[in-house]
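See below for the structure under consideration.
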Number of protein chains: 4
Amino acid sequence: MLSASSSKYDMIMKASVSLFTERGFDATTIPMIAERAHVGTGTIYRYFDSKETLVNVLFQESIQRFMEKLKQDFSELSVREGFHHVFCCLIQFTKESDYALFFLETKKDAHYLNATSRKMIENLTQMLDDYFNKGKAEGVIRSLPSNVLIAIVLGAFLKIYQLVQTGDIEMDMDLRTELEQCCWDAIKLHSFTSQK
Amino acid sequence: MLSASSSKYDMIMKASVSLFTERGFDATTIPMIAERAHVGTGTIYRYFDSKETLVNVLFQESIQRFMEKLKQDFSELSVREGFHHVFCCLIQFTKESDYALFFLETKKDAHYLNATSRKMIENLTQMLDDYFNKGKAEGVIRSLPSNVLIAIVLGAFLKIYQLVQTGDIEMDMDLRTELEQCCWDAIKLHSFTSQK
Amino acid sequence: MLSASSSKYDMIMKASVSLFTERGFDATTIPMIAERAHVGTGTIYRYFDSKETLVNVLFQESIQRFMEKLKQDFSELSVREGFHHVFCCLIQFTKESDYALFFLETKKDAHYLNATSRKMIENLTQMLDDYFNKGKAEGVIRSLPSNVLIAIVLGAFLKIYQLVQTGDIEMDMDLRTELEQCCWDAIKLHSFTSQK
Amino acid sequence: MLSASSSKYDMIMKASVSLFTERGFDATTIPMIAERAHVGTGTIYRYFDSKETLVNVLFQESIQRFMEKLKQDFSELSVREGFHHVFCCLIQFTKESDYALFFLETKKDAHYLNATSRKMIENLTQMLDDYFNKGKAEGVIRSLPSNVLIAIVLGAFLKIYQLVQTGDIEMDMDLRTELEQCCWDAIKLHSFTSQK
DNA sequence: GATGAATGAGATTTCATTCAT
DNA sequence: GATGAATGAAATCTCATTCAT
């Protein structure tokens, strides 16, 4: 029973995140989720108070998982290693589930996010802000506002992963490495090179 | 008469694009558009057959305008100059209207886009593909698939401009220049430099 | 000006009756009438207070014209001659305009008819009632309630004329004569004949 | 569950047919149907895709039922017996439900009928055409086109039953018999009688 | 007088949510 | 607990009517 229930919960979460990623929150209906999760529509309301609750739980869980992954050994790394770590987290997390894509796509002022979800975005932003500040202090990363640096890396990553999801490109080890370098090049301080 | 009509049309377009950008297509209702455009709901249907027609006209007009801006003297420029041109088009276009933001946010498989809109995405993609191929042939740009290169630049730009829109950052001349350099660094071939 | 106005009035009446006959009152829109009448929608409201007024004027005019035609020399005729007269009025009136068809199709409890229109239906019914009562008194017509006799003749005529209107049959002199005989046979008293 | 569902379906069908008969398709709104059927408006859309689907299902079911009733032993009867059978079907069917009245009132070119519905009208017409052709071949029925003969009988019947529905007349056994004779007299060949 | 763009009340339709089974 | 039929509030869309030109 517990396992059956928990399985239904997971199925609903899985179905929801994939549909929200594909179609967005507002274009996804409860019957669509129910069908993809192979449960009745009523069942969804046994686990979630409302569609809005569902999306917030989903969002919070996804950002939570991402932050936990990110936190592991993060502070002990050098700036460049830290960047590699962030990139790996993004890649790995996106591989595991659509969660990463879902929260990258969600704008922080999305009408369906509640206060808790917004708070968690701030938390994640803070973590990344700390990291970028360290990089900037060390003269390794461009002295741009952290939210801009985050926007560059996550924005690029998001758009690329949309291509993966639509089947336009395949993400292999080589591409992965090169993309990481692209993103790094975007934000790192190219101090001694004459730039053109 | 003509001017009044065209003004109503413009007001509807303006209201629609801002709401679609803020909330997305599905979370935007016709009464919301009508209110922001200061017209009656019925008036919207004098100009557009349906909400779906409206979003497609909007999308096609925005991509059309962007492509026309982009095309001007594009082929005569060097690769780096070409990139500057693209970046200026993005910035300038976004300044003029919310159009740029709206079409950058629209995924090419969005459920509301019709065949014509999809065709126009292909056309724009083709233009940029040609540009990137030239850059790659000249050994100036990384040899990544064009859609990936596009994703990096537009993805980063989109996320940054969302910050501008929410008031988190101000876009001044210095930032503009630096961002262009960031995006260029992301895709250019850093041939002789030892990279870290 | 007067002639132009009166012509517009006629055009609206003509367009309305044909559309009401083809599609019914509720499925006919004011723009449809305006288009067929080659006038602006607003013009219709210069001649008629509302769509409902229009249909009632139309109805009353059509039943009025029919009754006037019917009254001419009606009382001086024999029962059989009277029937011929009624039938001729129907045929002739339908030939001239769609008016006959329109009022035959209108049920007396139609939601759009006003008190005046209903009163006029009663008047026509009364006229025909008098005629049928004479026929019944003379033993020439079946002793059925007049409204039933009217229903038989007009019901049959209406359905036949719908065939004419859709182009399924052509109304020529021979058919006309035979149909009159059919209808007469339906209501006349077949006294001495052994019926089978 | 099944019985409850089927009951709701039936209630919607019953409410619809009575309203369509009273007011016509276009003057009947979904809320009106919902109210008379004692269901929510949304419920109607669980059973029917659209108002148009509803009216076509209704029409097809009504004509289907009528044809099945009509077919029973129809071919084995003499022409006069066949006519009696047709008339009995009409009377009986109208007694049972408003279905008969509804399809008699529906013109074959009604804007809401779909291809299937039109095909079924053709099928019924064909059946009656066969019957009338037999009658004509045997010299029992007037040599008029079958659609004209059908129009006479159904047209008369329809108008009479509208009187029954509005409460103007009561349909008893005597009236029934006499009306059948009226209609038969309208179409039969009065060969040897001198007609006046 | 004539027009048709503009309007909003009211139509059709959708869908988040409830609740009897 | 699980279901999906039922619901009605709110969405999209239509159209009779008005009114500035």
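Heads up, residue numbers simply count up from 1 along the chain you see.
Each Cβ is built from the backbone N, Cα and C atoms, and glycine gets one as well.
Given the ranges A:29-48, A:149-168, A:169-188, the record in TrEMBL names A:29-48 as DNA-binding region. Sequence-remote contacts of a segment are chain residues at least 6 beyond its ends whose Cβ falls under 8 Å from one of its Cβ atoms, and for the DNA-binding region (A:29-48) they are 8-9, 11-12, 14-16, 18-19, 23, 54, 57. Residues in the DNA-binding region (A:29-48) partition by DSSP class (helix H, G, I; strand E, B; coil) as 14 helix, 0 strand, 6 coil. Within the model, the DNA-binding region (A:29-48) shows a mean pLDDT value of 96, rounded to a whole number.
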